[in-house]
């Protein structure tokens, strides 16, 4: 016969053991839920560090939120290039090499540390962090880490979740192009723009739009500036553009048009606040124009 008797010692310890088990389950639940939440938060964020310009860009929810000056390695190879996740977040990290306590004004790490997983270092070796010498920012002076102004890292630190991707590169491309090239989906952004036709520049009243690194122009006003006409076919809903000896028919929001009766493919037009936006890159195929985008002046230079 099996003896189900329980000794007195177990009876005394049972309540305490039960409490410990409950605490363990609670902590495990918190840890798991925290990990899932962090991964989700990081999915819409991206950090890019461009060593060519010593700039750091923070993207969130499909937009470039802010750009900061940084300091990087004394030599090119010291700051590694590639894609690395943030795996460690530490406030007041000690500088172990010289036994400087965390939070000490002499600590070259500053008081915020975003550690990166680089070649198995687990966030202990390479990081985005503060500094103890503000004049070093913007220069090539570090042993491999990415230094920021202390006010800047204080702004960035609470906004960056673990697992946020950090891309480190050396490039002449703009930050938004680099983001797109690394698989980041950019949302749309409106801005004032101009069209320069045969050397004459006209600033449009309606805004241009940047979406997924493509420039879109307001169709109606752009056609007017180019000296064309715009009508609508009531039967088909197609817009009819007449300019530069061409007749273009395009059904809004589609990826096709007919040019003098011949079908061509194009990037679909977009509706933005009840304005039809045409991809600037489609103008050569539709109207036979030479188009160059000047990002600095936000001008579409068009030549016939």
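Positions of Cβ are set from backbone N, Cα and C atoms, glycine also.
Remember, TrEMBL labels are computer predictions, not curated facts.
Among the features that TrEMBL reports, domain 'L,D-TPase catalytic' is placed at 45-169.
Among the features that TrEMBL reports, active site, proton donor/acceptor is placed at 129. Secondary structure at residue 129 (active site, proton donor/acceptor), as computed by DSSP, is strand. A C-beta separation below 8 Å, combined with a sequence spacing of at least six in one chain, links residue 129 (active site, proton donor/acceptor) to 93, 109, 110, 112, 113, 114, 145, 146, 147, 148, 153.
Annotation comment: TrEMBL describes 145 as active site, nucleophile. Cβ neighbour count for residue 145 (active site, nucleophile): 24 (other Cβ atoms within 10 Å of its Cβ, all protein chains included).
Classification of residue 145 (active site, nucleophile) by DSSP places it in coil, neither helical nor stranded.
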